[in-house]
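Reviewing the structure listed below.
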Amino acid sequence: MARGRVPVVDVQSDNFAELWPSMVLALRTATFIAVDTELSGLGTRKALLSPCIDERYKAVCSAARTRSVLSLGVACFKQLPEKSENAFLCQIYNLTLLCTEDYVVEPQSVQFLVQHGFDFNKQYSQGIPYHKGNDKDNESQSQSVRTFFLELIRAKKPLILHNGLIDLVFLYQCFYAHLPDSLGTFTSDLSEMFPAGIYDTKYASEFETRFVASYLEYAYKKCKRENSKLKDSSSQHISVEFCNYSANMSRYIDYRYCSLEEANHSKEEANKVSVCEKFSAYGWCPNGVKCPQSHNIDLIIDEDDKLCEKAKKRKQRRKRRKNAEEPEKALEQESSGKEMELIQNGEEEPPQKQSCYGPASTDGRPLQEENSTAMEPEGSSDTSVHGGRQEEDLGSTEETAALSLSTKGNARGSDQGEGKSEVLAGTVSANHPGIPETEAAGAGGKQNASQGPSSQMGTHRAGFDAFMTGYVMAYVWMLKKRKSTDTDAEPWCPDCHNKLYLSGKSVPLQIVKSSFSKSSTAHNQKMKLVWATG
């Protein structure tokens with residue numbers, strides 16, 4: 001990753017046809033494909049965090065039918081076995097889109113996106129048009145966003161997302177067909193659309209790598225740090241390369257800078273700037289850029305590493321004390337403290353930053369998860385999803401608060417910006433008067449992670465978020481391969497295969513075809529079209 005520059009190819013209506021061949025080739029030759037979206041909103045948080053998963057699905061479907069995808073990020077990772085089994089060539093595309101139908105735009109989503117460099121004037125003048133729901137006429141023969149999505153399906157590659165349920169619902173409704181009414185039918189359709197598997201890096205970050213936080217930017221920077229340590233010790237590590245684009249392509253390239261540590265990291269550390277606990281835990285803060293505390297991800301990781309090291313030392317001291325005691329007493333203490341120790345060591349549930357939670361409920365989970373409005377900023381009723389979605393965690397207050405804009409990380413910080421952008425004020429209107437304005441407030445993004453001061457220069461984009469998502473998956477895949485004795489294991493990454501993260505739940509949503517749920521009629525017709533024209 002030369003000089004920390006990540007090239008993102010901007011795709012809009014005036015260059016879509018020109019870039020089509022290279023985009024399709026990137027899909028077909030990829031080892032896996034990461035996707036992220038920016039959304040115009042998500043609606044009411046309470047329904048999105050319902051304890052009943054079927055109710056959650058219905059709430060997300062309602063949002064997908066009334067909101068839209070504003071931009072689509074696609075990162076194609078191609079393995080380079082001639083260099084290393086962990087070497088990848090990455091091609092990243094950021095598609096600016098424009099839904100041709102009326103849709104709701106939530107004010108806080110607009111605020112968040114404008115703060116992070118989203119150009120709404122460009123979207124309305126150069127966005128690639130698309131419609132939602134089922135196909136119209138003979139459009140499968142044209143070059144469109146919908147046919148590009150068909151190419152993604154035809155590629156039969158592992159699909160990577162971060163906090164992916166919302167992304168998948170929006171992708172289905174906006175580019176594929178009308179959503180089925182039942183969650184079981186939806187997951188059946190997905191299992192056939194993506195036979196190579198669907199992988200959620202939010203699930204992987206919590207349940208596989210067991211990071212103490214799992215919002216996207218945290219997971220990405222944590223993986224980069226750990227990978228750098230492996231490289232320095234001459235251990236197996238991942239490496240990512242990018243294309244050398246020709247001069248005539250330079251006008252389409254937007255470089256994202258992602259050095260190992262942020263430039264203001266050492267400065268904040270020297271000045272002893274305290275870390276914002278809410279942002280540290282959730283990747284989102286209601287004060288946004290006005291927060292006097294640090295949102296620096298590197299500083300947050302530094303503090304987490306120090307706490308983990310202290311915890312290890314305490315554990316070692318306890319162990320030494322136990323070994324010095326009488327065998328009977330040691331056995332008694334071990335038995336009585338076993339449950340607590342398992343929780344402390346994160347062996348039963350993903351580690352969480354307890355300092356940011358209130359008193360635990362009877363089942364051991366923070367009360368905020370039962371009262372989804374506990375951290376909701378005044379005047380906001382949205383949720384945080386990942387990608388426009390506010391941070392990835394629908395079910396955890398962390399992303400809950402940010403859920404709105406990009407299903408997976410895009411709306412992540414809708415509440416952060418203060419003052420609406422005048423650029424959008426006269427251009428964007430919510431064309432569904434039946435939906436209360438309060439429901440539209442706060443469609444921010446999934447990746448709350450990029451909301452901090454260091455992200456205010458526009459580092460948050462669907463394309464770059466897709467790259468971060470793919471990088472995390474590449475790192476997790478490498479770790480799993482090192483521990484696996486079966487080199488020919490199928491599926492691609494078994495421990496994360498077809499498991500979607502669910503906020504507030506200890507088990508993921510399984511993407512499987514159930515014997516009790518048939519595939520939808522629209523999906524069956526679509527699949528015939530996919531392979532008839534492929």
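Indices start at 1 and increase along the chain as displayed.
Each Cβ is built from the backbone N, Cα and C atoms, and glycine gets one as well.
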**Request:** When you get a sec, could you say which of 118-148, 428-458 is annotated region 'Disordered' by TrEMBL?
**Result:** 428-458
**Message:** If you look at how TrEMBL annotates this chain, which of 38-66, 183-211, 241-269, 270-298 comes out as zinc finger?
**Reply:** 270-298
**Per-region confidence, the domain 'C3H1-type' (270-298) (mean pLDDT, whole number)** = 82
**Prompt:** Under DSSP, the zinc finger (270-298) has how many residues in helix, strand and coil?
**Reply:** 12 helix, 2 strand, 15 coil
